[in-house]
Amino acid sequence: MKFVGAHVSAAGGVDQAVIRAHELEATAFALFTKNQRQWRAAPLAEDVIEKFKLTCEKYGYTSAQILPHDSYLINLGHPVTEALEKSREAFIDELVRCQQLGLSLLNFHPGSHLLQIDEDQCLARIAESINIALDATEGVTAVIENTAGQGSNLGFKFEHLAAIIEKVEDKSRVGVCIDTCHAFAAGYDLRTEEDCEHTFAALGKIVGFQYLRGMHLNDAKSEFNSRVDRHHSLGEGNIGKTVFSYIMRDSRFDNIPLILETVNMDIWAEEIAWLKSQTEIEPSL
């Protein structure tokens, strides 16, 4: 089964994200459990936690259909010890919040070396950060997102994701989320069925589909291999609609959140309906 939705606002309370997803007729959704541009947030109150869980139950969302995202401020590969510790503490707090809400996944960007340490050192720091955070929490899987490779961000190569996973001690609690815009901007072509076959074969070989825990379905304003992260609405960017139809028809992408982060939220309901319609098309041979 395909779980399709969008990254919805949690303004007014995390339970409001559930309602917004339901209004889109989404079968999945993403959210921030706190203000993503602040380091600290008040702990989740018991009534807030209970309201979120009851609203999920009311509208039929399980933890397998929900892909929360952590704060953009966190850098688990930070080259400066003090800043790294701050990021690690914040990441643990994000995992705890997910744990309290009954969520099983936490999506995050791996980290940046800021031109101060080399890639391998940064990847090792990211893995160490994940190990520390997983040791301090339970029940939530750390889901590493591929990046476009802007600036000094790592995670733009599938090999980066594989290198991090290799160093994570509890393999049962680590996974990946593949963003189509990021992949395209990082040099993984997705414009034709043949391109999709090639790119996802590489993902399977280098990372392994057993680690795929979610997808971000975004077209790209940015050019192929530009290392620039600019999302667009489905079919309106440089990738086109082929890959999104491909994903909806391929069972390797079943039972994970497939999340829109496209630029026009006014057409999310239409985009979700179109994605759902693609499951009825026979797969290409």
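Using the three backbone atoms N, Cα and C, a Cβ is placed for every residue, glycine included.
The structure displayed is predicted, hence computed values, not measured ones.
Taking all protein chains in view, 21 other C-beta atoms sit within 10 angstroms of the C-beta of Glu145 (Zn(2+) 1 binding site). In three-state terms derived from DSSP, Glu145 (Zn(2+) 1 binding site) belongs to an extended strand segment. The annotation Zn(2+) 1 binding site is assigned in Swiss-Prot to His69, His109, Glu145.
Sequence-distant contacts of Glu261 (Zn(2+) 2 binding site), defined by Cβ-Cβ distance under 8 angstroms and a gap of at least six in the same chain, are Ala6, His7, Ala30, Asp179, Cys181, His216, Leu217, Asn218, His231. Positions annotated as Zn(2+) 2 binding site by Swiss-Prot: Glu145, Asp179, His216, Glu261.
Under the DSSP three-state reduction, Asp229 (Zn(2+) 3 binding site) is assigned to coil, being neither helix nor strand. For Asp229 (Zn(2+) 3 binding site), applying a Cβ distance below 8 Å and a minimum sequence separation of six or more within one chain yields Thr147, Ala148, Gln150, Cys181, His182, Ala185, Ser222. Here Swiss-Prot flags His182, Asp229, His231 as Zn(2+) 3 binding site, drawing on sequence analysis.
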Cβ within 8 Å of the mean position of the Cβ atoms of His69, His109, Glu145: remaining residues of the chain near Zn(2+) 1:
Asp70, Asn107, Phe108, Val143, Ile144, Cys177
Determine, for the Zn(2+) 3 site, the additional residues of the same chain whose CB lies within 8 Å of the mean position of the CB atoms of His182, Asp229, His231; present them in sequence order.
Thr147, Ala148, Asp179, Cys181, Ala185, His216, Asn218, Ala220, Ser222, Arg230, Glu261
Cβ-centroid neighbourhood (8 Å) of the Zn(2+) 2 site, Glu145, Asp179, His216, Glu261 excluded:
Asn107, Asn146, Cys177, Ile178, Thr180, Cys181, His182, Met215, Asn218, Ile259
